[in-house]
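Let me begin by presenting the structure, written as structure tokens, before commenting on it.
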Amino acid sequence: MRRWRPTRIRPGWPFLVLAILLPLLVQNPFLHRLLAVAALEAVLAVSLNLVLGYGGLISLGHAGFYGIGAYVTALLALHLGAPFLVTLPVAALAAAITGWIFARPILHLRGHYFAMATLALGEILVLVAYNWDAVTRGPSGLPGIPRAELFGWVATTHRDNYYLGLALLVLAIVVIRRFVDSPFGLSLIATRGDDQAAASIGTDVAGVRTMAFALAAFFAGAAGALYAHYITFVSVEPFQLTHTIALLAMVAVGGIATIPGPIVGAVLLTLLPEVLRGLADLRMVLYGVLLMLVIWLRPQGLLGQGRLFAGWRGRPPASLVPQRVSAEPNAEERRTQPSPREEAGAR
Amino acid sequence: MDSVTIPVLVDQLVSGLAIGGVYGLVALGFALIFGVLRVAQFAHGEVYMLVAFLVLTALPALPLGGFSQFGLVLVLALFLGAAIGLAVERVVFRPLMAAPHIAAIISAIGLSIALQYLAAFLWGAELHPFVLNWAPGNLTLGPATIPAFKVVIFVTALALLAGLQLVLRRTQLGRAIRATASDPETARLMGINTIRIIAAAFAVGSAFAGAAGVLVAALYGVVYSSMGIAALVKGYTATVIGGVGNLVGAVISGLLLGVFEVLLESYVSPKWSDAIIFALLIGVLVLRPQGLLGRAIPERL
Amino acid sequence: MNIVRSRLLALVLAAAFILVGCDIGGLAGAGGDQIKIAVVGPMSGDAATYGQDFVRGAQMAAEKINAAGGVDGKEIVIEQFDDRNDTTETANIAQRIGSDSSILASMGHFTSSTVYAAMPIYKANGLPLVVISASDPKITQQGNEWVFRVSPTNDLGAQATADLLVQQLGLTRIATFYLNTDFGKSEHQYFVERVQQNGGTIVLDEPYQPDTKDFTSGIIKLKNAGAEAVYLSSYYNDAALLIKQAVASGVQTRWFASAAIISNQFPEVGGEAVEGVITARVAQGENWEAVAAEYRQKYGAEPTPFVIYAYAATQAIAEAARQGGATRDGIRQGLEAIENLDTAIGPLSFDQNRQAIYTEFEFLIVQDGQFKPWTP
């Protein structure tokens, strides 16, 4: 597949080397902890971007899949003594299967109906985890999850866990990029603009969307498994709507429908509250203002490509690869005057 | 509680309709803004919160007795809501009209976070008691005794809805809003200044959020900085059940949501009522993709 | 990726790391003549008043100890941290504290859930934690030798109130509401068990979720439950709102609640509706009253019990550093050795689970917007 689109995205080898070296050069456990968290957030943002950026579907339940991964891992490890090499794939598959089952009936929904359905799913998952005391210990959470272990090596320190997260991130990037570049990915991008038009040229709209949704859930679940082994404690807070909203912000700030964008967004928005910590009460005010400011200055995100945006707003693009950089008016609009939104934007 | 008696049921229904009226008002504003702009105003809950705080701050300056204070507070809330709505539209949404939808949504989320924590900074994050001088006491309705204020809230919500319907159907502005909501492109071609209409919808929709904010503050007796989130989730849910862009549907589903909540908490479980509501919501969406009361309008996202 | 974008990316990453670098720079620098104690709790959000109480109590004790020459010439320094009352943030902040070698002991984390999240991290870092509010009895029964508690467990107050209701006041039909968290569930369970042992009946057993502000359905149940008294396993916010809404709906009953409602905010939020609400707390001796008086003078308000517990925890840590040495492990060993230490809560001793021993209780009633002593 990359044979016929060889130059689209070059691997970020220098960044990977930097990411590997950084914690070796800076010996600070607190920085290592932040990096470990940022790596997991990046996996979540990259996987959410598959649905949001390439699929054009707003999912408000992504943190729920992260939660499935974490809880499945915790329960397997605590009750069955399952090792990391078992919990990781099982947790990822559990999230993917949940995503797949859930996606089938709702993927014909559009826009806000889809967003609402995913919000409802996320809330249900959290409420079940919070109230099903017999299994999840409810608000008490599940403490005492063992550290991740690979062939005798135990991921004890933050740096160990950071490297695990980084490995998962690299895997997620490789797989998701392959998916996006494959015919499935092209179909997915086609459904983003206009699912009916995509269907009319023979795309299995529900099929590719289900696949993307399940794949995104798979990586979120895997991230959940790492989280559980890393923090050694699982309770519902990290899996709530507010986390999904933070993930949406990461994708949008970094650059939607790009591979590096969500990673940059995840790193920045994970570090930002720590950097602002000195401001105490005002730090979240500034966080919100900075979020608005970034979007205001670069609506497509820091690394966003205008090109990939065309058609994202649900206006059917004239072709699959639109020529203009800004939002592309559809064929019908082009015959008439620019719409009020373009008018305002032009000023 | 095992036996269901009529007085208990009446009490529950009235309570459900009161809180449902608040959800309906929030949903109505959300739906109105969505209708003309086709973008979700995710900071809608913060308008509701901010108005409640501003009114709370203004209360000592309104030492009127009884009902006149309530009336004045309501009018003040409508005006404050409208003013905040206009500012939000101008600062957050208008500059992003040409940007992708997700940009406007994230910007609204940024605004929502900033406003919530700003309120916590200015007024403090604790609960602030909100007490009006007017305490209408209890009402005897057949065999049931119910707090009269709940009836007042329900009636106020319906009156505001009726007022809006009157404006939408009988005035030039209302017709322009409806035209824009049903088809922005055609409306613009017909010579409607859709940018002004969007601002007007923001003003009216946010005014309703403001009214809902003070009603709920008076009902629960408190104002707090994180109150907007719950309102947004409930209002968003009601909007979607009602069929996005369907104003009457938004109010009806807000009322239904309120009643359902009380009944589920009472007869099933307070721990599981929200989960059941969300499960029902998914069921409704699967069976009726346009929402329970919606018609198939072409939604753009 | 084109050149412009990759440069932008590099720039962004570089900027981020520089910012983090600055932040970490601020962390370094352990003082040799200081004993630094971390005070952790909700410093922002709607439980922020509790975090503030922790800091005030600890600060007052530190000032007192320092004025008297400190610990063998070393000054006690209090540094506050915000865990936002969120388990994930707690894990984050506990690690930050644990990896700062200048900090020798930590106290706080408001709720039982946050303490559970933090405990293994303190153990891994070998840093003693003194719990000053979280009240689930099981916290100190986990075999974690780094966790001590100077505040009382919630079983004691709940049982004392259950005895009061059924045995002394003869109120046998009792309704209960409880916050569905570690704290609420465990306290509620001890209360219900004791009521039933005493021959009373629980006529309403109603959980509510955290962040609940609308108690309508529970109140309608209460109206029709025929209860002679209500017991709330709640914090001040929920309790004040619930009672206020119930009274507005015409409920007339006698209200009792957990000691966690003791806060100036409780009568403020609840207003007239909460007049006459009764709660049990551990008996307060002269030392408690002396610290309370100092607090009143300094801040012009009635202190919550958490001020006193933070004060006592600081005294205990200082004494431990004196006995065991000014190191993390020295303080842990010093705390274990404490026996009848004279502190703000009176003589402090730990049982074999490192839980402070309490025996006596007293009751408080809300009168004229204040908590006042009450005898049945």
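Glycine residues also receive a Cβ, built from the backbone N, Cα and C atoms like all the rest.
Those TrEMBL annotations? Automatic predictions, nothing curated.
Since this is a predicted model, take the numbers as computed values, not measurements.
Listed features, source TrEMBL:
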{"type": "TRANSMEM", "residues": "B:12-35", "note": "transmembrane segment"}
{"type": "TRANSMEM", "residues": "B:47-64", "note": "transmembrane segment"}
{"type": "TRANSMEM", "residues": "B:70-88", "note": "transmembrane segment"}
{"type": "TRANSMEM", "residues": "B:100-124", "note": "transmembrane segment"}
{"type": "TRANSMEM", "residues": "B:144-168", "note": "transmembrane segment"}
{"type": "TRANSMEM", "residues": "B:197-220", "note": "transmembrane segment"}
{"type": "TRANSMEM", "residues": "B:240-264", "note": "transmembrane segment"}
{"type": "TRANSMEM", "residues": "B:276-297", "note": "transmembrane segment"}
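Sequence-distant contacts of the transmembrane segment (B:12-35) (same chain, at least 6 residues past either end, Cβ-Cβ under 8 Å): 41, 44-45, 47-48, 141, 144, 146, 149-151, 153-154, 156-158, 160-161, 164, 177, 180-181, 201-202, 204-209, 211-212, 215-216, 219, 231-232, 234-236, 238-239, 242, 244-247, 249-263, 266.
Two recorded stretches are said to be in contact when at least 3 C-beta pairs lie under 8 angstroms, sequence spacing 6 or more; the transmembrane segment (B:47-64) and the transmembrane segment (B:100-124) meet this definition. Long-range contacts of the transmembrane segment (B:70-88) within its own chain (CB-CB distance under 8 A, at least 6 residues past either end) are made by residues 41, 43, 47-48, 50-52, 54-55, 58-59, 62, 64, 111, 132, 134, 152, 156, 199, 202-211, 213-215, 218. Of the candidate ranges B:100-124, B:144-168, B:197-220, B:144-168 contributes the most Cβ pairs within a distance under 8 Å of the transmembrane segment (B:240-264). Non-local neighbours of the transmembrane segment (B:100-124) in the same chain are 38-43, 45-46, 49-50, 53, 56-57, 88, 91-93, 225-226, 228-229, 232, 301; each lies 6+ residues outside the stretch with a CB under 8 Å from one of its CB atoms.
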